[in-house]
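*Asks:* Taken from TrEMBL, the feature domain 'Helicase ATP-binding' covers 222-388. According to TrEMBL, the feature Zn(2+) 1 binding site maps to 451, 454, 490, 493. As annotated by TrEMBL, Zn(2+) 2 binding site applies to 460, 463, 477, 480.
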Ligand SMILES: Nc1ncnc2c1ncn2[C@@H]1O[C@H](COP(=O)(O)OP(=O)(O)OP(=O)(O)O)[C@@H](O)[C@H]1O
Ligand SMILES: [Zn+2]
Ligand SMILES: [Zn+2]
């Protein structure tokens, strides 16, 4: 396997920009026959022993200082040449190191999540490899002792194992982190059963309707051709998109290839998993970050071996090691949760498109409210093909939506959270023993002031985003740092009724209990669902009719199919609309449409009420009319005029430091460097800010940001890359930490 005299080319697992290159290591004789490209090894690096990824074999430029591989962790590759290429592409696209990207790609094996219950430690490698690893740790005798103790008695707790090896828990955790040992949950030790029915091409009684059939026909054609192609499946809520996915998966299996289906975190419910299992039985592997160590590893193995050709999972499942993928499905493709917003800031939709391109796969992007990016590409001259499901299954009507003008309520002397029409509608439901969902959008950072008389929210004159209220009494733009004093009188109508905006779920619950004392009220938010399984318990108790009113935030907006819900009330549509983000209108439209999609899904007719101070805004009017296209026609020109995506690209540099002065100095220096470089390229790049981030301080760290805007993503990237190199050299003068986010989905 190793040609004579060649060295192994290795990427060392050290997430530092400077070490992001290939190092050469000699292959000792004993490993010559086992070492393969795509395997992980242990290598000496400076004073340490690190994990490395074998990416090839070649001759080093010089034989000086070539060290030997110390151990081999995998006898078969854990990443394929395609996934290595993907890692290199990610490193370029998201400005991370190749090692970080590889780590992310094969993470199920390396990262073991701790859960509740007692953690127990077992070997993550088989005996021989662990023995090798122990041998290679000669310079770390305590670690070696822990490995040997774990082999001798697997299943001890961290404490017990540390005691057995006469060391501390830290050493044990380090070995878990390195991937030699795994932590498993006492309660979830059993791997998922492999039983269940095998896949048969039967669909029960379900017959596709004409729109579904047309969509499927096109997808099947593309699957047969086996060429990279992208479909945007634009189907209204309840139009049967899932059925189209399931049939497309069946078709790709017929081609002998695998399918990877992604759903947003909150949509990966037991019902969703059941739906897939009912159709494909043991061929399904569920992959998500909440899986405990062994279960996760088992699922990953079943995918890699081809035993489970249907992958259902959340964001990180996009890296599923399917040997010959043929289909990638992104349900609710507009969801911002597909973007990882810390560490390696990748977008699962972009990664899926890249993988599909590599492998000649078909991509289905599904949504009732496509992102502007995807809809633009599905338009004339675009790369995607548009498939439409314009009506609900069985021609169920979409629910009528009433927009309630809260300014009128105020004029009538109602200063409460609930409008008169909403109270009346709720009372009607309670009388008929039907159910109600009350939705409120709460974002911790939605800190804006609104004129309650006319609904005005003050915006930045150059960025068109809402200004954020600061404690020093100013209103600030957190893109460009424009600031102005908070006005005493409304500049539009002269009223002095200018208020902070914001109401919490708890307040709504209190008010609901007061107004409807006989009703049974459930509240669902991050407080009431923090315990494991609480989310599911609340939903099923509501589904079983054990409550009349469910109050909740984002987490109840989508995915739920609750036939007895006939009224959905949106308490405060404005909170999203005035988020300090250029996507505020888009998010508002998406949320309102999804929320409205929860009403009237059964045989009972449904109704939706939206309370707002800005009833004339096009995102609210379009959502009330269930009219995506009219929303798109209003929103696209606004984005184009202000050079926002999808007509440009943005990048965000978030700078953090514990000392505010050091931070602002650093931010100004970064701005200077960026502008100098930007001036030297011939594609325009705007550098906005620095400005405090909306959450200007988290855990003692101050946070400022710079926003870059330009027509070409690559130019933005190159400018940032060069600036970071220069700033690296400026250290220690330049102290803040820098986090780069290319095309961020939100900037908190
Ligand atoms: N051809 C069909 N005939 C009868 N029922 C169908 C058909 N296709 C789908 N359904 C049923 O219609 C319901 C709605 O479908 P589904 O949940 O897939 O809609 P959706 O488009 O994903 O909606 P949402 O965007 O709101 O999630 C489901 O209960 C599904 O089983
Ligand atoms: Zn006003
Ligand atoms: Zn601005």
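Every residue number used here counts from 1 along the chain in the order it is shown.
Here the Cβ of each residue, glycine as well, is placed from N, Cα and C on the backbone.
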*Asks:* Check each residue in the chain of residue 463 (Zn(2+) 2 binding site) that is at least six apart in sequence and keep those whose C-beta is under 8 Å from its C-beta; list them in sequence order.
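*Replies:* For residue 463 (Zn(2+) 2 binding site), the qualifying residues are 477, 479, 480, 482, 582, 642, 688.
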*Asks:* Going along the chain, which residues six or more apart from residue 490 (Zn(2+) 1 binding site) have their CB under 8 A from its CB?
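*Replies:* Within the chain, residue 490 (Zn(2+) 1 binding site) has Cβ neighbours under 8 Å at 451, 453, 454, 456, 496, 497, 498.
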*Asks:* At 10 angstroms around each C-beta, which of the binding-site residues 451, 454, 460, 477, 493 has the fewest other C-beta atoms nearby?
*Replies:* 493
*Asks:* I'd like the number of other C-beta atoms within 10 A of the C-beta of residue 480 (Zn(2+) 2 binding site), please.
*Replies:* 19
*Asks:* With the Cβ atom as the reference point and anything under 6 Å counting, tell me which of the binding-site residues (451, 454, 490, 493) are near ligand 3.
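*Replies:* The binding-site residues passing the 6 Å Cβ test: none.
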*Asks:* Would you mind reading off the Cα separation of residue 460 (Zn(2+) 2 binding site) from residue 493 (Zn(2+) 1 binding site), to the nearest angstrom?
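*Replies:* Residue 493 (Zn(2+) 1 binding site) has its Cα 19 Å from the Cα of residue 460 (Zn(2+) 2 binding site).
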*Asks:* Which binding-site residues from the set 451, 454, 460, 490 have a C-beta atom lying less than 6 Å away from ligand 2?
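*Replies:* What lies within reach of ligand 2, judged by Cβ under 6 Å, is 451, 454, 490.
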*Asks:* What is the average pLDDT across the domain 'Helicase ATP-binding' (222-388)?
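*Replies:* When the pLDDT values over the domain 'Helicase ATP-binding' (222-388) are averaged, the result is 92.
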*Asks:* Inside 8 A of the center formed by the CB atoms of 451, 454, 490, 493, which other residues of the chain have their CB, for the recorded Zn(2+) 1 site?
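*Replies:* For the Zn(2+) 1 site the neighbour list reads 452, 453, 455, 456, 491, 492, 494, 495, 497, 498.
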*Asks:* Other residues near the Zn(2+) 2 site, CB within 8 A of the CB centroid of 460, 463, 477, 480?
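*Replies:* Checked against the 8 Å cutoff, the neighbours are 461, 462, 464, 465, 467, 478, 479, 481, 482, 688, 691.
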